[in-house]
Amino acid sequence: MGCAALLWGWLLLGCSWGPAPPGVSAAALLTATYVLDDASGPGRQFDGIGAVSGGGATSRLLVNYQEPYRSQILDYLFKPSFGASLHILKVEIGGDGQSTDGTEPSHMHYENDENYFRGYEWWLMKEAKKRNPKIKLIGLPWTFPAWIGKGENWPYDYPDVTAYYIVSWILGAKQYHDLDIDYIGIWNERAFSSKYIKLLRYTLDKHGLQQVRIIASDRLWEPISFVLLLDSELHGVVDVIGAHYPGTKTVPNALLTKKKLWSSEDYSTFNDEVGAGCWARILNQNYVNGNMTSTIAWNLVASYYEELPFGRCGLMTAQEPWSGHYKVEAPIWITAHTTQFTQPGWSYLQVDGHLEGGGSFVALTDGLGNLTIIIETMTHNHSQCIRPPLPHFSVTPQRATFYLKGSFYMVETLQVWHSRLGFESGNSSLFQQLHPVKVWKGSFSLYLNVDEVYTLTTLKTGQKCGCPEPPPPQPFPSNYKDDFNIRNPPFSEAPNFADQTGVFEYFINASDPGDHVFTLRQVVVQRPITWASDADQTISVIGNFQWVNMTLTCDIYIEKQRDGGVFVAGRVDNGGIYVRRTKGVFFWVFADGTYRVTGDLAGEEILMKGLSGVRDNTWHTLTLNIQVRTLAMLNGLDKTVLYY
């Protein structure tokens, strides 16, 4: 209470807020003035802050949370004036291929196959819309099912087929889920085809989807910017140039196009305080340095096994549906500094935005008299993103005086929200509402320390809402069983299974007379058009990566004659984009009547092999008991191999 009383005393001066930083005299502080004026008209239109679900399978475990925890997580992400309050949700258009942390199922595994209920992105978009009807939706493919390429690992040889496939996804979103897709991308971080982009626009318009805008090319600023300047027809159909991990910089050609410029994928950083510092810096500086009017984080929520690539690189963490535990990480509250006090359609003010002592600020207005200023003073070592490398810079404590002119001159009070990332103390203060700043004759001053974020705004709608503490973390259950006995599953995948190559779906085997009516079936039999190095074998992972001793039992059924096969495995050490190099203990049986025990997914490290008597189109039970020695059992007959 003493601190609060002192703060109020400083504010009564009407022109400054906060003390000089500890150990720095007011006289020694660097001081500078900044003018915020809308008299010359607004700057670029703000398009919003968002996050990516996908690229891939990053929300996989979220759907398996029980209530009320699942709704709490969704509220922190999407509910206005609650937590991150995101303006944009970008989802992967599943293509059956590995896209970083897993595969996401396609709505069309095959040309004559359509199912708009596979996966969880439909559900996630509806949950986002339920909380914020104004949220913008983006779809982008990472991979494509094999039939698109007709035997080639390339989606552009038959652009009419690819356009039909993508437009079908958009139409299905509306027909089956009442979802309006606002933007569509081309092919994540891969080459673009001008012919395809033009045909995609034609196909969209042909199906009455004129409102769907095209983003290209979700890779780098070039060559798309240069090509747009040369090709007037292409220039006419691309609405947004989207670049990934631009390092807050753009290129001259992109500016010359006069297109909207977005950082359409950014962040991708471990979600501790350094990740929060990275996010705070680029949210401002993508506009200040690069004129980017939207920044989209990969990824939305770290809801995948942490040992997969880029563990905990989400705005928050929700990777334990079995316990209900989740964690609202610092990047959620850094996001709120912008999203809770702006909306797409607001405009940036025309101002340089660089602070004299290092750091940056942006100012936005709704054109109706409201003003929001976001200030960040992140230091170099405390704001490094995963990519690209960050050139050295310095930030020092400073005193900043802002002069409000034009329509803002009459502003008398600004609400204040503040975060300080506590790198030295380990105790961060996140998104705290402070006493309002009194604007005195059109000006106010702030003492800014390093690694801070301030929001000053005329809006009084900000809130830091909190749910009760979730349950404590727990490891994956040591005893786990699933018989897949569910007639109308809410999702196409079984809980906690994370597909890494191929797609495993619930399947009702109505012709089975016994215990195997309800099953989990791998349904992709052709290698998709890949984005990463998919394995040659299909694989889904589940459980604790730290398990050493275990017993796995699974009933299996080989559908493919002669060269079909199945494995169960433990001590699996890899997945995601590294799935091809996976090591572990793999017990294989094949339709030709043989078996193998290998130390890797590729099957190159053979520990044991022989005859099993297995045949296709009948059920068998496999048991893999991993201790100091490995015991593999088929229908009760054991095969033993020493494995250390």
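Just so it is clear, glycine is given a Cβ too, placed from its N, Cα and C backbone atoms.
What TrEMBL lists as signal peptide is 1-26.
Marked as active site, proton donor/acceptor by TrEMBL: GLU189.
Less than 8 angstroms from the CB of GLU265 (active site, nucleophile) sit VAL52, GLY55, ASN188, ASP218, GLY242, HIS244, TYR245, ILE296, ALA297, TRP298, each of them six or more residues away in the same chain. The active site, nucleophile annotation in TrEMBL covers GLU265.
Here TrEMBL flags 348-463 as domain 'Glycosyl hydrolase family 59 central'.
Annotation source TrEMBL lists domain 'Glycosyl hydrolase family 59 C-terminal lectin' at 499-636.
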Subject >> For the domain 'Glycosyl hydrolase family 59 central' (348-463), residues assigned helix / strand / coil by DSSP >> reply: 3 helix, 52 strand, 61 coil
**OP:** Determine the Cβ neighbour count for GLU189 (active site, proton donor/acceptor): the number of other Cβ atoms within 10 Å of its Cβ.
**Re:** 15
